[in-house]
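Participant: This is the feature table in TrEMBL:
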TRANSMEM  A:34-64  transmembrane segment
TRANSMEM  A:76-93  transmembrane segment
TRANSMEM  A:99-117  transmembrane segment
TRANSMEM  A:124-144  transmembrane segment
TRANSMEM  A:190-209  transmembrane segment
TRANSMEM  A:215-235  transmembrane segment
TRANSMEM  A:247-267  transmembrane segment
TRANSMEM  A:273-297  transmembrane segment
TRANSMEM  A:304-323  transmembrane segment
DOMAIN    A:413-502  domain 'M23ase beta-sheet core'
Amino acid sequence: MNQIIINIRENRVHFWDSILNSYSQIFFSTHKSFAILIMLVSFIDIYTGLMGALAVITTSLAAFSLNLNKPTIAKGLFGFNGLLVGLGLGIYYTLSWHLVFIIILSAIFTLLVSVSLQGVIGKYHLPYLSVPFLLGMWTFTIAAKHFEALGISERGIYYMNELYVVGGHSLVKVYEFFNQAEIPSIIKSYFISLSAILFQYNVLSGFIIAVGLLLFSRIAFVLSILGFSIAFGFYNMIDANITMIEYSYIGFNYILTSIAIGGFFLIPSARSFISVVLLVPLVAILSISLSTIFYYYHLAIYSLPFNAVVLLFLYVLKFRMTYSEKLTEVYFQYNSPEKNLYTFVNNKQRYKHLDYIPLKLPFMGKWTVSQGHDGDYTHQNQWRHAWDFVITNIEGKQFRGEGNYVEDYYCFNKPITAPADGTIEEVVNYVDDNIIGNINLEHNWGNTIIIKHDDETYSKLSHLKKDSIKVKKGDNVSTGQILAKCGNSGRSPYPHLHFQVQATPYIGSGTLLMPFSNYMVGEGENASLKSLQVPQHGETIANSETNHLLASAFNFIPGQTLEFETINNNKKIDLVWNVKINSINLTYLECRKTKAKAYFDCKGDLFYFTHFEGKKNNLLHDFFIGCFKVQKCFYPDYILKDYIPLHQIFPRKILWLHDFTSPFIQWATSSFRVNYSSSNDLLNPTEIELNSSYQNYIFKKKINQTNYSIKIDTLGIKKFSIMSGEQLRVIIRKENHEA
Amino acid sequence: MQKIPYEKPVINRINAGVPDKFGMKSRIQPITQIDDVTVRDLVQQYGSPLYVLSEKTIRNTYKKAVDAFKTRYPKVQFAWSYKTNYLNAVCQVFHQEGSWAEVVSGFEYEKAIANGVPGEKIIFNGPDKTRKDLTVAIDNGSLIHIDHLDEFYEIASIVKNSDKKAKVAIRINLDAGIYPQWFRFGFNFENGEAWNAINKIMQTPGFELQGLHTHIGTYIISPQAYGIATTKLAQLTVRIHHKYNHHIQYIDMGGGFASKNTLKGAYLPGTDTCPGFDDYAEHITEALHNSDIPYDHMPTLFLETGRALIDDAGFLLGSVIANKRLPDGRKALIIDIGINLLFTSFWYEHNIVPAQHTQLDMENTTIYGPLCMNIDIIREAINFPVMEKGEHVVINRIGAYNMTQWLQFINYRPKVVMIDTKGNTHIVREEETSETMNQLDRVPEHLKSVNNDH
């Protein structure tokens, strides 16, 4: 027991989160104000509210003492089913010690069901929704019929008395005002349906929940209205009346289905909305048929239709043969339709190729792509994502003189290097180099090296010069290491390098689409740095050069501490950011004081932040935006551009409006750019300054901008300044004076 | 017995060739046009003699050189050797192509700055740098290649009272297995002088040792020598890293690559014997790749190639002044190009050809310049066709050194014209006039009058 208490103390933040989030999770949310509103509504009937709270606390304590996954508990994912069972039982039975005991048991039972369901259907990446609540509720209502000690509550009937106890005359007046208000029946029954989620049947509760829903998410709010309206229309069509009690009591099924499908488990989009339009009538039909069956057992169907339809649909979506950008499942749940959508849009802009390995071009100097992807000659079908590289002179010719000998070709005998770290998987080094024009179809690939980069990524370098290969099977190679010389072996009429990435370790394997991490395209002043792109046919490309100063400044190693100081209102403030890594290998900076987290990734020469957790008024958030993406190559005046998810920096008031239309049309953008301004030495810089900024646009018209400047020296980031309008905020690295 | 006087041995190839049934087939291919502009037009428009530079050739040659190195080694930087040709237009072409500047005097340094080269992109070489030059170079953050200890002491005394650090490299001379060994510049590698100097620099405040520099000679036709030299500099780089944990930022292999001109006394023509950029690049980069320098800290490779980059782009056009038959029976041709304009004719057998189609008959000819000096000989003996007075000749591959080492002697120096990449011609240096010549002359008052009537 002591141990449990210690655990709870240690995890006090987690614990309170788990309680609040259990309330908001009813609507898939982790929005704090929304949670408080729902909690208040649940306490309109004070005893029911207490029973709900009891169930939540029981679930959390039980979950913590069972040592279940803490972030999952904190997100309220276990608690909300217990809460619903607690509220359901609390409203049916009169308050007694027996009931308290029953509710504790029901909460534990619901937790067991939740965790087990997570184990069973979680592996198919399906949520258990409120299935545990259904099982818990049915189990206990059936059993409770045999518990003589539990009395059926009459509170549901004498509502006013209860209200009077809680809030006196005024609350009763407000309550009645809402119930008697002259509002269209559809709106009234919408509010009632919302309140029914908490086993209530009144307009006021529904209204408060609707306000909370709007605060939480505009998309979810729109979806709730959409779902309900469709159901309303459908009932009208079949000549049934949704305003009737039995239908209203389950009206939330349409609302929850609509939110779940339209905006929560899927990225909100036109397609997800169309899905809602088709699925809600299905929920209605299911409600009617299931109610008919359940009637025989004297059971309410509660949220069964919602659970059934959403789970069926989500499961079926997993069997799609191709990935669709228009109807996409949410892979990382931010518990907000807006955040999910904006992150998705941003990911599309930022990470075209999500799981890349940082590939460098496998040669030195400027080479030209003589055959790109889907080439005219051999890069077709399953070998479409390959490149042929040659060296050309100014006139575009690959050879000097007549080009009758392999030695005439500029690329012949030039060093070929490892594109990334790896292990040599296969080496062929016995195929003779062809005479110009001849091809060797017997040994199609010629002399070849295959490097294993990870279990699913291999790269293949072919047509190498005979006897030029310096590595053998099993050797470890590092990026840029010379492996061989370019040759003319195999199906190669003239010297060139064939390069491809593949998923299997065999010579002849099909290709895999993989971008190069960083390279320069073009010559002289027209040269531009590309990152994570695919070189095109005819492009002249070269590797970019890593700048050691930038590379070491943005090389954050887990365990490292960054200490800065800043002045706020003439007061010196210390900032301590720890570099950490979590169990799934995500690296992040964590503010020691506020625990805000800025997640980052670093691949090859690219450093970039991925997402942020915590309050945005934190200076770590400014750093997160200011260094959103940094390229570790220094090319003076080079500008690197990127996009920031809207919810990170867009002015909130305008974003609210934008939220409503966002599933269909995106008219706001937040863009990021960093300018490689100056370095104090060309060969061995000891100070570099980068200037970054973000701009917010409405219909391509700029509305605001904030500038940042990042000064880097040999010890890392020396100074970080934020210039927003007239305001200037400077963060300076704390020098270790003892050293 | 009396000692027989020493005579320098010379072997000359017999140019005649093997006769076939049609007789001798040695024939000179005339150069009638340069980059599609005819020689006749050039001479008509700009006069004779005339220097012509081809911008296209400069750019092409430069790119060829860069590619030869960069496709073998990723970090390569060329620095244009100003002394080879410091006509502003020429320098600008190189700078536009990305080349830094390599200068060897305060004058050249000023020229580079005036050409808009940032101070930090200037390499300052040479044994003669004044205190003033050094102060400016340190201030601008230029790379100073120290030639001798006195220079080191001079820099030390400058930086002592300054908050600026001197960015330096040292010039090293070494045995690369070739003769002659240039040991008059820099510090010797084999006897430990270079290591001694490095230690002095590393231990003196105010210095930042960024590079190591060598320049093994000129017109080196054995690329292996560069490999040996590179290996030796790489050894020093590793040694500095071991002792001081200091990374050398660059290794400067200097210049000395041969152009395709034929040296006097060479048996075969330069076009057949001189290595190309690829040969030099192969040996230098191979030596770097095979060195013990840690991969993460591979130095930038600097090259100060001059001659091999510009020689091919220069042409000297002239006209026949007279034909003569010498008493010994030899034929002589006098042209308006003298050694004052073609300084390199002291060591090259320059290729000289007519600018128009000529008769097939050829005769062993001595070609003289116009100067009233016995040594003014362009070619001692060359099989040359008969040419009339006023006809034009072209000497190609003269881009290196001639436009810097030329002499104002007896005659005015002529115009220099550059043909741009589109075939347009531009004067990049005017001819000298009496005004230019008298500009710097000062005559004391008592010498101003010819009449001696005081």
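From the backbone N, Cα and C atoms, a Cβ is placed for every residue, glycine too.
TrEMBL labels come from automatic prediction, so no person has curated them.
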Participant: Checking distant contacts: for the transmembrane segment (A:76-93), what same-chain residues at least six beyond its ends satisfy Cβ-Cβ under 8 A?
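Facilitator: Residues 17-26, 30, 42, 45, 47-56, 58-60, 63, 68, 99, 102-103, 106-107, 110-111, 113-115, 128, 130, 132-133, 136-137, 140-141, 144, 150-153, 155-156, 198-200, 302.
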Participant: Of the listed stretches (A:34-64, A:124-144, A:190-209, A:247-267), which one yields the highest count of Cβ-Cβ distances below 8 Å with the transmembrane segment (A:215-235)?
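Facilitator: Result: A:247-267.
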Participant: Among the recorded stretches A:124-144, A:190-209, A:247-267, which has the greatest number of Cβ pairs closer than 8 Å to the transmembrane segment (A:34-64)?
Facilitator: A:190-209
Participant: I'm checking region-level scores; what's the whole-number mean pLDDT for the domain 'M23ase beta-sheet core' (A:413-502)?
Facilitator: 94
Participant: If we skip the immediate neighbours and take only residues 6+ beyond the ends of the transmembrane segment (A:124-144), which ones have a Cβ under 8 Å from one of its Cβ atoms?
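Facilitator: Contacts of the transmembrane segment (A:124-144) (Cβ under 8 Å, skipping residues fewer than 6 from its ends): 80-82, 84-85, 88-89, 92-93, 102, 105-106, 109-111, 113-114, 117-118, 150, 260, 265, 297, 299, 302-304, 306-307, 310-311, 314-315, 318, 329.
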